[in-house]
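In what follows, a single structure is set out as structure tokens and then discussed.
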Amino acid sequence: MNECYYDKHMDFFYNRTKTDTADEWTGAQLIGVLCFGTFFCLFIFISNSLVIAAVVKNKRFHFPFYYLLANLAAADFFAGIAYVFLMFHTGPVSKTLTVNRWFLRQGLLDTSLTASLVNLLVIAVERHMSIMRMKIHSNLTKKRVTFLIISIWAIAIFMGAVPTLGWNCLCDITVCSSLAPIYSRSYLVFWSVLNLVVFFIMVVVYIRIYMYVQRKTNVLSSHTSGSISRRRTPVKLMKTVMTVLGAFVVCWTPGLVVLLLDGLNCTDCGIQNVKRWFLLLALLNSVMNPIIYSYKDDEMWATMKRMICCSSEDKSQDRRSSRIPSTVLCRSTDTSGHYIEDGIIQGTICGKGDLGDKGNS
């Protein structure tokens, strides 16, 4: 029977796998990385708090898409907490950690990253459902959205806890990975491949959305005179999709590939030399999400500016009905949250005035 090493400190596992814990990562390099991480963690806390507050404050954001957007902001806020915890438990400190403390450190990271990824997938599916039905918002009720949000966090917590629950190498140190010296290599392969598959699904969903919108816009243009806004819709949609996908490709793929290579026991890939920087690159995704999904929305940005400046605005906007008026549906905007209004919504909903109101469940 294999011997288990639950009572060992992390120095035992780091020394055995010859994992670099950055003993030399001191002085100016350490200070620079800590300052970099601290700045972006503060930005994550502030920006995502503003997104959540804006969704709560503005009744026009009380729709499934914005509830999921607020949950994405909550996931990124949690990611900031995970990164702060990591900053105080990394480098030379890593060797002094107990097994349970190290599991907590990595579990927080895995939970936060999984929550963000799954939430983005749900947002993509929600956008797909809405667009295919030619509505601004899907028919998801508040109960269903609440169930989805709870499910997102249940999946994220479970994925973060899987190694702690037994999928580790504490009782078989011959299968320990290099980057995560108490994680089984098979788990790293599973986790990285699973996330890459989810990412691929998101790419397919957004490509399908773009192709559908482009096809619909071309059909509408052949039967109408076509405004400049409608003709620009495919370009604006492509920019939004490419921004979302580009951020994910740049921030997530390198780290996932490194984990996959480590899981495959690639000893000549030099993964130890890039692991810190790819982790910081993943941190940038939580920084970019509020910008991509919120700050491009003019009304979201205006709501956040009012909260920042503490200015007294006309209270009539806050007293508006949560149902979007037909005049708003027919108005062209450049926002990512309402990009459908520029094309399909203009040509379809404005011609079928009751469609928009049916999507406000």
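Cβ from N, Cα, C; glycine included.
TrEMBL does not curate its annotations; it predicts them automatically.
TrEMBL lists 47-293 with the feature domain 'G-protein coupled receptors family 1 profile'. Marked as transmembrane segment by TrEMBL: 30-53, 65-88, 108-125, 145-167, 187-207, 240-261, 277-295.
Sequence-remote contacts of a segment are chain residues at least 6 beyond its ends whose Cβ falls under 8 Å from one of its Cβ atoms, and for the transmembrane segment (30-53) they are 22, 69-70, 73-74, 76-77, 79-80, 83-84, 87, 91, 276, 280, 283-284, 286-287, 289-291, 293-294, 300, 304, 307-308. If you count C-beta pairs under 8 angstroms between the transmembrane segment (65-88) and each of 108-125, 187-207, 277-295, the highest count goes to 108-125. Per-residue pLDDT, averaged over the domain 'G-protein coupled receptors family 1 profile' (47-293), rounds to 81. For the transmembrane segment (187-207), the list of distant contacts is 110, 113-114, 117-118, 120-121, 124-125, 127-128, 159, 162-163, 167-168, 177, 179-180, 241, 244-245, 248, 252-253, 256-257, 259-260, 262-264: same-chain residues at least six beyond its ends, Cβ to Cβ under 8 Å.
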